[in-house]
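Trainee: Swiss-Prot lists 1-18 with the feature signal peptide. Summarising the annotation, Swiss-Prot assigns topological domain 'Extracellular' to 19-254. The N-linked glycosylation site feature in Swiss-Prot is assigned to Asn32, Asn83, Asn90, Asn97, Asn147, Asn186, Asn198, Asn231. The disulfide bond feature in Swiss-Prot is assigned to Cys37-Cys108, Cys152-Cys222, Cys179-Cys199. Summarising the annotation, Swiss-Prot assigns domain 'Ig-like C2-type 2' to 135-239. According to Swiss-Prot, the feature topological domain 'Cytoplasmic' maps to 276-336. Taken from Swiss-Prot, the feature region 'Disordered' applies to 298-319. Look at Swiss-Prot and you will find 302-314 tagged as compositional bias 'Polar residues'.
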Amino acid sequence: MDYPTLLLALLHVYRALCEEVLWHTSVPFAENMSLECVYPSVGILTQVEWFKIGTEKDSIAIFSPTHGMVIRKPYAERVYFLNSTMASNNMTLFFRNASEDDVGYYSCSLYTYPQGTWQKVIQVVQSDGFEAAVPPNSHIVSEPGKNITLTCQPQMTWPVQEVRWEKIQPHQIDLLTYCDLVHGRNFTSKFPRQIVSNCSHGSWSFIVVPDVTASDSGLYRCHLQASAGENETFVMRLTVAEGQTDNQYTRFVTGGTVLLLLFVISITTIIVIFLNRRRRRERSDLYTESWDTQKAPKNYRSPISASQPTNQSMDDTREDIYVNYPTFSRRPKTRV
């Protein structure tokens with residue numbers, strides 16, 4: 001092998017090792033794990049093949065409705081399929097006694113008629129769980145049947161190169177949409193749920209989950225990356241339950257109602273206390289004035305009414321008479 005050929009071969013191996021593999025679903029490694037592969041459309045299944053992706057594709061198993069199932073020797077004792085699922089386009093691969101060597105990327109390729117080839121890539125990673133490692137930035141609560149829009153907008157002003165939306169569950173992460181804005185490529189999702197998204201140049205991104213149900217509850221992550229390596233991540237929790245609404249709006253309305261009620265109660269209490277004190281003061285002043293009027297001495301005689309009978313006893317009409325007279329000095333007379 002000449003030098004240029006060797007260099008090209010090494011370059012090919014390097015690119016294969018370093019190039020990021022776009023996956024549809026990521027699952028944590030376990031000794032007994034399952035790699036889900038369910039074809040969502042209706043079609044005639046002609047062949048299914050599983051591969052492990054490394055520097056090369058390593059065939060694990062192949063299935064044909066005509067020729068049956070063949071599992072390659074390195075995996076014959078460690079993987080299996082459920083017979084009950086093979087007739088319904090469900091070619092989920094099950095592992096038993098898996099080892100750390102089984103960490104990596106796997107590909108499930110289905111050949112159907114008349115749709116053609118359908119492929120799903122699954123990543124197996126070392127992880128204890130996914131939800132605990134990503135605390136949400138916000139929480140959205142909704143009733144079933146609504147269309148929910150999830151939005152993320154970066155704080156920085158750098159141009160966005162890649163946008164990735166994911167749904168995070170304890171047992172797996174599903175890629176909802178991937179946009180390569182530089183090369184104009186959109187990665188087709190294999191998520192078994194219709195998700196509407198925008199893949200256009202801009203400073204923000206959104207997805208729409210139409211007609212939500214309880215199964216749509218969970219964490220949703222938006223990852224934005226720039227060409228220079230800058231990146232931002234937003235995590236939102238969606239809860240779908242009967243009789244629930246957006247908790248932020250509910251808290252706002254409830255808080256405003258409580259504050260308004262407290263304000264009305266305070267104003268009413270102040271007015272009632274003020275009126276009670278005013279009435280007490282008025283009653284006290286009236287009582288004092290009446291009492292002083294009754295105790296005041298009279299220095300006049302009330303005239304006799306002309307309507308009184310003339311033969312009325314003088315004793316009955318007798319009243320106290322007060323006469324003002326000068327005060328005379330009582331000095332003793334001087335004797336001559």
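From the backbone N, Cα and C atoms, a Cβ is placed for every residue, glycine too.
Help me picture where these features are in the structure shown.
Mentor: As a whole-number mean, the pLDDT of the topological domain 'Extracellular' (19-254) in this prediction is 86.
Spatially close to Asn32 (N-linked glycosylation site) yet at least six residues away along the chain are Phe94, Phe95, Arg96, Asn97, Ala98, judged by Cβ distances under 8 angstroms.
For Cys37 (disulfide bond), other Cβ atoms within 10 Å of its Cβ number 26.
A helical conformation is recorded for Asn83 (N-linked glycosylation site) in the three-state DSSP classification. Around the Cβ of Asn83 (N-linked glycosylation site), the number of neighbouring Cβ atoms within 10 Å comes to 8.
All chains included, 14 other C-beta atoms sit within 10 angstroms of the C-beta of Asn90 (N-linked glycosylation site).
Asn97 (N-linked glycosylation site) counts 9 other C-beta atoms within 10 Å of its own C-beta, drawing on all protein chains shown.
Of all Cβ atoms in the protein chains displayed, 11 besides its own lie within 10 Å of the Cβ of Asn147 (N-linked glycosylation site). DSSP assigns Asn147 (N-linked glycosylation site) to coil in the three-state reduction, outside any helix or strand.
There are 22 other Cβ atoms within 10 Å of the Cβ belonging to Cys152 (disulfide bond).
In the structure as shown, the Cβ atom of Cys179 (disulfide bond) sits within 10 Å of 22 other Cβ atoms.
The Cβ of Asn186 (N-linked glycosylation site) has 13 neighbouring Cβ atoms from other residues within 10 Å, across all protein chains displayed.
Counting every protein chain shown, 14 other Cβ atoms lie within 10 Å of the Cβ of Asn198 (N-linked glycosylation site).
Sequence-distant neighbours of Asn231 (N-linked glycosylation site) (same chain, 6+ residues apart, CB-CB distance under 8 A): His223, Leu224, Gln225.
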Trainee: Which chain-mates of Cys108 (disulfide bond) that are at least 6 residues away have a CB under 8 A from its CB, listed by sequence?
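Mentor: Residues satisfying the criterion: Leu35, Cys37, Val48, Glu49, Trp50, Met91, Leu93, Gln119, Lys120, Ile122.
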Trainee: Hey, how far is Cys199 (disulfide bond) from Cys222 (disulfide bond), Cα to Cα, in Å?
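Mentor: Between the Cα atoms of Cys199 (disulfide bond) and Cys222 (disulfide bond), the distance comes to 13 Å.
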Trainee: Which one of these disulfide-bonded residues has the most other Cβ atoms within 10 Å of its own Cβ: Cys199, Cys222?
Mentor: Cys222
Trainee: Which of the recorded positions Cys179, Asn198, Cys222 has its Cα closest in space to the Cα of Asn147 (N-linked glycosylation site)?
Mentor: Asn198
Trainee: Can you tell which of the recorded positions Asn83, Asn90, Cys179 lies nearest to Asn198 (N-linked glycosylation site) in space, using Cα positions?
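Mentor: Of the recorded positions Asn83, Asn90, Cys179, Cys179 has its Cα closest to that of Asn198 (N-linked glycosylation site).
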